[in-house]
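Participant: Residues annotated as active site, tele-AMP-histidine intermediate in TrEMBL: 332. Sequence annotations record features per position, and here TrEMBL assigns ATP binding site to 116, 306, 307, 308, 309, 310. Under the heading domain 'RNA 3'-terminal phosphate cyclase', TrEMBL lists 25-349. What TrEMBL records for 196-297 is domain 'RNA 3'-terminal phosphate cyclase insert'.
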């Protein structure tokens, strides 16, 4: 069954800024990140209202403020009302800059979420850009830095993104203190992709870690629980399992976690991840990560539920048509599509298959980098 997603009526304030309602659909920080990135890239002044209105503690947190301030510095923009707890901000973007930029959440706020909002903007700069980011590398309610390097990066490269990530130091809740350096190359235009063949699963890779004052044997327990679960659920797959213990020089604070990655014969990458919890057996992190991976595999898509919404902005900016086969759409993905269609001329078509997978198709903008000629 095919359905075209409806475009929404655009609304503007008295100063000509496009109004974005931050309480719609998923109603979280994702709306803010997508709106800020598109504002920067397409030079659209915005007013975002009702920021995180549906959350227990609505308004801006330190992490959201840091992301907005980073985008404003990238485009030499004017950012107003950006303070803790604010339910509304305005951003008037200027031309996208190049060079080196620093952002520090000063908390365990996610470095990956800073990258989500900033990286698309850097693609349309005039030269190589470097982000020096500080905060949390492995956080709850956000992608782990390992997911960004092992899953998002290979997918992004299919669209034409070219960037490198250097993890100088990891940081965990509650201290943060992680340090990541990202270098990106500008692009003339992103290219549309077609990823609709899931292929057969043939290899599983996992990386488990402990840091700080946690004993090294806990990462081995996590790995053992992963090995047992993989043999039970995917007995034919080749398995590579690694564990790592990080000292103070390579990590701030104490943490335990894992990512489990499955690769298919057509190059699709699916993942599950988990962090250890206080007063909880370490093995549960491994079990939880494999459970999340199996849910992704069972969805029969080419992307997992987390990659699903992260590629929407790339599909919209790319030239030509993109098609990606996914499992059932998440609310995050529907929210991303809604905001993209509200702010751009990109249009999405969703086709549900008999097995409940969905083909996400987009006729992209083909947005060109004004600084790169030829």
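Please read every residue number as a count from 1 along the shown chain.
Including glycine, each Cβ sits where the backbone N, Cα and C put it.
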Participant: Tell me, what is the mean pLDDT of the domain 'RNA 3'-terminal phosphate cyclase insert' (196-297)?
Facilitator: 90
Participant: Within 10 Å of the Cβ of residue 309 (ATP binding site), how many other Cβ atoms can you find? Include all protein chains, please.
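Facilitator: Here the count is 23.
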Participant: Would you list the other residues of this chain near ATP - those whose C-beta lies within 8 angstroms of the C-beta centroid of 116, 306, 307, 308, 309, 310 - in sequence order?
Facilitator: 143, 152, 303, 305, 311, 312, 332, 333
Participant: To the nearest Å, how far is the Cα of residue 310 (ATP binding site) from the Cα of residue 332 (active site, tele-AMP-histidine intermediate)?
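Facilitator: That comes out at 9 Å between the alpha carbons.
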Participant: Can you tell me the CA-to-CA distance separating residue 308 (ATP binding site) and the residue listed as 'active site, tele-AMP-histidine intermediate', as a whole number of Å?
Facilitator: 9
Participant: Counting each residue once, how many in the domain 'RNA 3'-terminal phosphate cyclase insert' (196-297) are helix, strand and coil under DSSP?
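Facilitator: Summed by class, the stretch gives 32 helix, 39 strand, 31 coil.
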Participant: Counting only residues 6+ away in sequence within the same chain, which have a CB under 8 Å from the CB of residue 306 (ATP binding site)?
Facilitator: 143, 147, 151, 271
Participant: Among 116, 306, 307, 308, 309, 310, recorded ATP binders, what is the largest CA to CA distance in Å?
Facilitator: 13
